[in-house]
Amino acid sequence: MEEQGTGIRVEALSAEFAAQAAAWAERLELPLHDEAADFAVQVGADGLQIQQLGPQAPGPVRVDFVEGQAAHRRQFGGGNGQMIAKAVGIAQGVRPQVLDATAGLGKDAFVLASLGCQMTLIERQPLIAALLEDGLARARADEEVGAIVGRMRLLTGNAIERMRAWEGEPPQVIYLDPMFPHRDKSALVKKEMRVFRPLVGDDLDAPALLEAALALASHRVVVKRPRKAPIIDGPKPSHSLEGKSSRYDIYPKKALKA
């Protein structure tokens with residue numbers, strides 16, 4: 001895995017965004033000019049995005065809670081009946097407080113927030129956290145989506161350390177979706193994964209993540225896994241909910257009540 005700050009540059013997509021690009025470069029401690037960079041953090045009219053560079057590179061990755069996939073899932077995603085809702089314990093009169101300790105681009109957290117859950121998100125990779133921060137800021141300006149992202153609070157840093165040092169009321173549910181070691185050689189791997197993997201690597205500390213989550217959550221821990229992946233080393237889940245490509249392993253501690 002590349003170290004943060006190597007092979008990545010920041011660039012403005014047009015002159016009017018030069019000041020914003022310079023501010024992000026300073027904050028992320030990345031150069032504005034690096035001809036040998038493998039990735040570019042780009043600032044433009046659509047906000048912040050990461051673009052892998054090179055002839056075979058997929059399109060840019062950005063966070064958009066207002067349009068596209070997030071909007072479609074919000075309108076047609078199945079509401080309280082979808083598997084993630086059942087996994088975290090959403091039921092009539094029950095909207096648990098959820099900590100998503102592996103936030104990524106915030107897609108799952110947004111779904112849960114749209115169903116009424118108060119969400120705290122932790123993202124450890126600074127570039128992905130920056131995309132998330134930018135996407136949340138743009139979404140707050142939208143009349144419909146602003147109320148949803150108002151239920152999403154972003155923290156950055158190492159989730160294990162943050163959970164171990166947690167102060168205040170613990171989250172009722174902790175949701176984990178660790179990056180699973182990659183075995184799919186097909187060309188159809190999602191562009192997010194193609195961009196993320198060199199930046200993030202695999203979550204080899206998943207057992208420690210689970211251990212910290214089980215120590216902190218007051219009611220349950222939910223782990224999302226590829227359907228055929230082994231469970232995380234450690235305590236066994238009580239049961240699982242299985243979909244076409246994913247599985248939710250449930251580790252209950254206490255019943256969620258209305």
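Including glycine, each Cβ sits where the backbone N, Cα and C put it.
Annotated features, as they stand in Swiss-Prot:
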- Glu123, Arg124, Asp177: S-adenosyl-L-methionine binding site (BINDING)
- 232-258: region 'Disordered' (REGION)
- 239-252: compositional bias 'Basic and acidic residues' (COMPBIAS)
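Positions of Swiss-Prot features highlighted on the structure.
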residue	record	contacts (Cβ under 8 Å, 6+ apart)
Glu123	S-adenosyl-L-methionine binding site	Thr102, Ala103, Gly104, Ala129, Leu132, Leu154, Leu155, Thr156
Arg124	S-adenosyl-L-methionine binding site	Thr156, Gly157, Asn158, Ala159
Asp177	S-adenosyl-L-methionine binding site	Asp100, Thr102, Gly104, Asp108, Val223, Lys224
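Listed in chain order, the extra residues whose Cβ falls within 8 Å of the Cβ center of the S-adenosyl-L-methionine site residues Glu123, Arg124, Asp177 are Asp100, Ala101, Thr102, Ala103, Gly104, Leu121, Ile122, Gln125, Ile128, Ala159. When the region 'Disordered' (232-258) is classified with DSSP, helix, strand and coil residues number 0 helix, 11 strand, 16 coil.
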